[in-house]
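The next block holds one structure in the form of structure tokens; read it before the comments.
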């Protein structure tokens with residue numbers, strides 16, 4: 001039978017088990033797109049090369065989960081921030097710890113290197129941003145202005161500005177030399193997850209949980225574009241290297257945007273789930289996502305993606321497209337001047353010296369405690385051959401021109417590949433390209449064992465006991481394949497899963513061990529599939545009727561009555577649906593709603609469903625942000641003279657809310673002891689609820 005290959009636009013490159021416990025953060029090296037750093041709840045940072053199955057280096061020293069990581073521009077250094085508020089900086093070429101920086105009082109959730117490499121910015125759950133001089137082990141400036149966690153930081157290409165994105169729905173722009181905020185962008189209606197500067201022009205892009213991508217003019221400080229076509233939370237954005245378009249990564253989807261006017265050039269459906277980071281190399285997009293302790297790489301062939309021309313209809317309003325005034329279809333803007341040591345460096349140094357004399361400065365000399373922590377940190381080279389191949393050649397002078405970067409080869413059509421791998425018979429030869437950090441093809445490694453998922457060995461110190469299930473598969477014509485997988489967790493039910501709950505694929509397969517035994521018939525297979533179908537239909541029908549009832553009440557314009565009707569149905573799923581709508585528009589929140597919903601939030605925070613917990617946390621944050629000052633002022637105000645019915649009613653509502661918040665504070669305190677992203681969220685809530693104890 002003749003076999004023909006079909007070129008595809010996107011495909012899954014590889015999946016690995018990255019840590020002995022859940023992965024909590026990861027980042028791609030943007031210069032090469034070939035290097036990955038992952039942080040886990042096992043308090044380790046592991047370094048990987050894309051397409052290689054085993055960890056190259058494992059960095060230790062943190063005593064709490066690693067919440068964020070960042071490479072410098074040359075990818076020779078990596079910094080990691082932990083849940084305890086500490087920073088550790090490693091030199092990957094020398095395989096050693098360079099600095100341990102202490103300063104934040106809460107979990108660090110964003111990092112970025114200055115283009116010059118001598119400075120580092122960090123953002124925390126405590127809403128503070130700090131600028132560090134990595135040579136002197138000190139914080140040279142603190143930027144205050146956000147009211148919630150700072151989730152993303154980005155230096156401008158010229159190194160003079162810093163952009164920050166926060167859960168408070170704002171994007172702020174800071175002048176590093178003057179040490180103050182330049183402007184604030186407030187058009188987003190939910191948490192802003194990511195910001196990035198245009199590589200050349202004075203433009204800034206931001207992506208938010210409100211499902212929009214917005215572009216800001218940094219000369220006039222106004223919004224020049226906003227996408228409305230996203231179907232999920234925007235988690236990653238990336239400008240094309242030439243600045244011609246903007247890529248947006250949301251759940252399972254990549255979109256390509258232009259601006260002035262707003263338009264969507266292309267939409268690519270990729271099965272990457274909640275994508276965490278993007279990079280571009282050799283006109284291919286490399287994307288990474290993670291779930292539990294697994295990390296997956298995906299490739300998108302940008303040669304097959306539209307980056308200009310006609311727009312995708314229906315995603316945005318059709319508008320007449322004016323003639324472009326530049327080659328890229330945008331208005332002409334001033335370009336950045338790249339930083340030089342004589343310019344930006346000297347100005348930053350003067351700012352640092354002035355700050356050392358100011359009350360905001362936190363400069364300090366290295367202490368014995370820091371030196372002790374540096375000694376306790378280490379860089380374990382777990383794969384010497386790969387380490388030498390990727391990092392060592394950078395220090396060797398080469399007299400031959402560098403080789404051209406090689407793209408990742410596209411696989412055959414998925415339907416053909418899967419059918420070949422599933423059929424018993426002769427083993428299929430798999431060719432895996434070995435590509436170093438510079439993108440050079442080192443040669444293929446061939447394997448005669450059909451492996452669908454790679455589970456590398458990761459060296460971990462004192463790993464937590466994890467139950468495993470070992471399965472051995474044999475075939476007359478195949479070598480023995482043994483896989484080891486962790487047992488599924490019986491705690492929180494994640495909002496995204498790789499398989500349905502309560503459904504086992506084994507129930508649909510024949511249990512006969514004899515190959516000649518009869519296979520399950522169609523009727524029997526359909527009977528298995530229909531198990532619970534009627535029950536599910538009844539449940540969904542009931543839920544639809546309840547939602548329709550709430551919608552009809554909502555149409556009357558009274559949100560309080562709508563919410564009360566949802567609560568009276570004793571169905572948390574209905575409450576979650578209503579809260580998700582209200583949370584998208586915080587202005588809908590009133591004090592009356594708080595008294596009704598706070599008892600429901602207590603149930604949501606203790607739910608076994610991750611989506612319920614996330615909705616409860618978001619609602620509680622909004623309540624604390626909008627109403628705690630009112631509650632506190634009302635309860636501490638002196639008694640009024642005379643009869644004031646409105647004031648008395650408000651006082652009773654505030655008193656009820658305070659009592660319910662006190663009950664919730666105990667729940668939050670207990671859940672804050674967890675590790676991972678859930679523990680971080682509850683720790684942030686614990687900080688917001690701290691005034692309740694005074």
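Note that Cβ sites are derived from N, Cα and C of the backbone, with glycine treated the same way.
Marked as compositional bias 'Polar residues' by TrEMBL: 327-345.
Residues or ranges marked as compositional bias 'Basic and acidic residues' in TrEMBL: 347-378.
What TrEMBL lists as domain 'Katanin p80 subunit C-terminal' is 531-689.
Taken from TrEMBL, the feature region 'Disordered' covers 319-418.
Annotation comment: TrEMBL describes 16-58 (among others) as repeat 'WD'. On the 0 to 100 pLDDT scale, the model's mean across the repeat 'WD' (16-58) is 89.
Per TrEMBL, repeat 'WD' is recorded for 59-100 (among others).
Look at TrEMBL and you will find 101-142 (among others) tagged as repeat 'WD'.
Under 8 Å from some Cβ of the repeat 'WD' (143-184) lie the Cβ atoms of residues 109-116, 121-131, 190-197, 199-200, 204, 206, 208, 210, 216, 218, 221, 336-339, 344, 347-348, 351, 355, 360, 621, 625, 684, all in the same chain and six or more residues away from its ends. The annotation repeat 'WD' is assigned in TrEMBL to 143-184 (among others).
What TrEMBL records for 185-226 (among others) is repeat 'WD'. Residues of the same chain lying 6 or more positions beyond the ends of the repeat 'WD' (185-226) and with a Cβ under 8 Å from any Cβ of it are 148, 151-157, 161, 163-173, 232-239, 241-243, 246, 248, 250, 255, 257, 259-262, 330, 333-336, 583-586.
For the repeat 'WD' (185-226), DSSP puts the residue distribution at 0 helix, 24 strand, 18 coil. For the repeat 'WD' (59-100), the number of residues in each DSSP class (helix H, G, I; strand E, B; coil) is 0 helix, 25 strand, 17 coil.
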